Amino acid sequence: MARGDKVHINLVVIGHVDSGKSTTTGHLIYKCGGIDKRVIEKFEKESAEQGKGSFKYAWVLDKLKAERERGITIDISLWKFETAKYHFTIIDAPGHRDFIKNMITGTSQADVAILMIASPQGEFEAGISKDGQTREHALLAFTLGVKQMIVCLNKMDEKTVNFSEERYQEIKKELSDYLKKVGYKPDTIPFIPISGFNGDNMLERSTNAPWYKGPILVEALDALEPPKRPVDKPLRLPLQDVYKIGGIGTVPVGRVETGVIKPGMSIQFAPNKVIAECKSVEMHHEQLPEAVPGDNVGFNIKGVSVKDIRRGNVASDAKNDPAKEAATFYSQVIIMNHPGQIQAGYTPVLDCHTAHIACKFETIHDKIDRRTGKSQEENPKFIKNGDAALVTLIPTKALCVEVFQEYPPLGRYAVRDMKQTVAVGVIKKVEKKDK
């Protein structure tokens, strides 16, 4: 398909474990996607042989996940599907244990989130409880600037639910109240009763829920606002990997977050100030005259060794607001998952775009109200779970970050400690290291 045909939208699927994310996603890809029929037949046969019939769609996704984890060559078209109006890419495999980290550093910004809810008694309640993932994922999506959301009330076919309008209304009300607290406007969000396994209200209107008059999933997807891509901003391209390719040379790989990259440009890398000329740009083994935000590309540079640049560095245009190393940065942080108290001096690892670097909480300036941003306490001694605060951080090693308002993907981060995401942050000011 030519690049110009349909607008491209990045989709993230969030929600509690076992809410049916994989089954529903698998079903969508299966019915509207680029999966080769032969591949599906092979998966179906294996699925039946292993007695996994009921997981047919999730099984498709599991096989894709396994292929994705084996190497970078997996055919990314497998994660795409099309509707009448848009071309969708699913940008993270739900259920992945690093899902929260991936959502933040994610190789891309999601334009829309599908929040998957399990409707059966007890399952919805577990997901929305204090330690359920529904709340955490919704809060994350909003904090990270995913403004559009579609809610799917899944497993409506389960016998305790049986497409009950009463159960639908009960869940819709409780979820609306929570989403409003987070910052979403529930009246702009479709709440769709579906069965991810049977396909009710996904691509065709179900006769099982005649009381439901809203959009079905495919209609809600087509009704999304097309995302604005920041083509006119200066280039920022965080490196995911750097390869040395015989006969070609050094090839950094990453996703264009803002601006454009094209052959002939003088590329400056931060934080290490290496400058090199971009010789060529390619995507899916095709040479491009230029790459724009959202494109995952490799580009060839001359005169720079693989040792000089690495994952976590940021490529920019040497002649247009080049990226620089950050000396300190000031940000709003939300503590989500920390067992104790966080005080000045705390030095966890930050995952920001593709960088993974320890940073010190130098000063905790204010504890603030998450929704209004107003100060609740100045210079608090410590902050704990559920708190939002304004803090100054100092990287322990060279790091390039940006202000969230200017370069969103380089201005949000996950705080990692004890193998989990303990906090998320959004950068408000950056003190750059000069020359």
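The backbone N, Cα and C atoms fix where each Cβ goes, glycine too.
Quick look at what Swiss-Prot lists:
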type    : residues              : note
DOMAIN  : 6-231                 : domain 'tr-type G'
REGION  : 15-22                 : region 'G1'
BINDING : 15-22, 92-96, 154-157 : GTP binding site
REGION  : 71-75                 : region 'G2'
REGION  : 92-95                 : region 'G3'
REGION  : 154-157               : region 'G4'
Same-chain residue ranges lying at least 6 outside the region 'G4' (154-157) that approach it to Cβ under 8 Å: 19-20, 24, 116-120, 123, 163, 168, 193-198, 200, 208-209
Mean predicted confidence [pLDDT] for the domain 'tr-type G' (6-231): 78
Where M156 (GTP binding site) falls in three-state DSSP terms: coil
Neighbouring C-beta atoms (10 Å sphere around the C-beta of K21 (GTP binding site)): 26
Where G15 (GTP binding site) sits in the secondary structure, as DSSP reduces it to three classes: strand
Mapped DSSP class for K21 (GTP binding site), helix or strand or coil: helix
Cβ packing number for G15 (GTP binding site), 10 Å threshold: 26
